[in-house]
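Shown next, in structure tokens, is the structure this report addresses.
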């Protein structure tokens, strides 16, 4: 298949959706589906090429196929990795360099999706997001490019052994029929398995694992592959040609509906994982098939194939590569800003055009194709070597992970444990620590308490925050928190552990495996046992634990909910309802903490709620600016915690600075060795 202009138009739509989503434009919260469009289109095009080769030659020339993929994808990606690596070495905060080095190393070998699943959240843009995180999708695509041709090659060998004279007789129609049916069957079965895996891991491990895992996402290129195989059938091809415009309209309508309804405030609408992704892929497949067969002179085709759409489609790979780093650098907190967004768009287009015309096309065209001169190979080898060296310089290698951050004897090193509140604040805490020459390490987990206790749902089942354990193992109920804390304590050897967590006054699963609720007689004693165990674990290496006094919730927590609601999730989730309406549980937990701090010299307690609350009432008035604890930009009626728990971008730096100042002030004098 030669280059089809209408398919370039689809590429433009796909990259535009992703771009608008990442810019933070609210009406494009479903723009993440642009990645789904790319996956279906890639599966369709690659399978079309592979099947053409199988039908004509009886097999796939795998080295040539992979070499073409490498020459198409790697040069521009290497350029991006080098630029981001240099930025990390020169301009990124020191505390972020090891993580960026690891991101670079995993991305270089196209396995970044598995790394990012365990290290960050694609849908939680909190200001510490990696400028390479978007490469997770290229990792999925490249993994598909490795394994799918191998499967088709095995299929080709089997078909040839079953009909050894077919290609000698040039029985092309027979080869087409056999290949079409076989590939459709294989792609269909694997797609069903993959879609089932998506739902399974979503329920067990959360949205990020289901969205970025190759096993859960590969059904999309497989649906494209199935369509490519189906078009080998003359009857299917004739039908697609006859109704091409209708197929395109159906696909456009389906994609538009998906973008409108499958977006969410904090990630995909759960419907996406319960079949929405499959329906979206089917709609995209309809659009792709129609666009590949439509009369290029028809009105709809001309819209997709006009000069602007086709050019943007040609440079869409570069746009995808460059838009995300520029977004991270210029819009670090994911909040839409029209002026900065315009700068991001211009910078992305300029970077993409330069990459396309100066790097991608010369390597794909005859200008550099003649024998691939020694100089060209030398430059490529040097680029690869430089990219491999950057993680070593930045500190993202396995060796570094085993040795931790080295500090002088007697120096302070802080490790933060707790739930999503300190996790979101970590970037600001690390920056505040860098100013004081105090390394800050993140040991917090969204949806998990510092103690590692397993939160219980209203029905007594374990709460599933969607945590993924170290190494990629599924950990839906925070079981891995204790082990990860232990590992970090052994490797990093912090002198201070800051405990900031709310889940210790939720209902939780007791030692006997049964749920313990706040009203149960043994609840307080169980809380005390959990606290004692956690303190022993966190202080085993000699660290001082500084507990942040649990703060009142914000006025927007469980807003509009009633005290007796106990939804499993959403705005009226049981724990959020407790934070707003059952403040006596928080106060009882504070009493327990104060009693422990009073009698245990390993513990300290600090309070910072005065920085963002006007009083200790619950919920507190946390509007900005405040009269105590300093003031925040912007002025006016802004809210410190827009959802009642997590801090707005404008408040994070100030809260982090005050917290670290009070933590340092609470510590006992350290003796010099």
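Cβ atoms here come from the backbone N, Cα and C positions, even for glycine.
The feature domain 'Acyltransferase 3' is assigned by TrEMBL to 6-354.
Taken from TrEMBL, the feature domain 'SGNH' applies to 410-619.
Positions annotated as region 'Disordered' by TrEMBL: 624-643.
Annotation source TrEMBL lists transmembrane segment at 12-31 (among others).
Long-range neighbours of the transmembrane segment (37-56) within the same chain, counting only residues 6 or more positions beyond its ends whose Cβ lies under 8 Å from a Cβ of the stretch, are 1, 7, 10-11, 13-15, 17, 65, 137, 140-141, 144-145, 148-149, 152, 155-156, 159, 172, 175-176, 179-180, 183, 187, 217, 220-225, 227-229, 231-232, 255, 281, 284-285, 288-289, 292, 320. Positions annotated as transmembrane segment by TrEMBL: 37-56 (among others).
Annotation source TrEMBL lists transmembrane segment at 76-95 (among others).
Taken from TrEMBL, the feature transmembrane segment covers 107-125 (among others).
For 145-163 (among others), the entry in TrEMBL reads transmembrane segment.
Residues annotated as transmembrane segment in TrEMBL: 183-203 (among others). Tertiary proximity for the transmembrane segment (183-203) is limited to same-chain residues at least six positions away from its ends with a CB under 8 Å from its CB atoms, namely 47, 51, 151-152, 155, 209-210, 213, 215-219, 222-223, 225-226, 228-230, 270, 273-275, 277-278, 464, 474.
What TrEMBL records for 246-264 (among others) is transmembrane segment. With a cut-off of 8 Å between Cβ atoms, the residues of this chain six or more beyond the transmembrane segment (246-264) that come close are 13, 17, 28-33, 37, 240, 270-272, 276, 279-280, 282-291, 293-294, 300.
The transmembrane segment annotation in TrEMBL covers 270-291 (among others).
Taken from TrEMBL, the feature transmembrane segment covers 303-322 (among others).
TrEMBL lists 342-359 (among others) with the feature transmembrane segment.
Annotated transmembrane segment per TrEMBL: 371-394 (among others), in sequence order.
Beyond the transmembrane segment (303-322), the same-chain residues lying 6 or more positions past its ends with a Cβ under 8 Å from any Cβ of the stretch are 5-12, 14-16, 18-19, 38, 73, 76-77, 80, 134, 291, 296, 347-349, 351-353, 355-356, 360.
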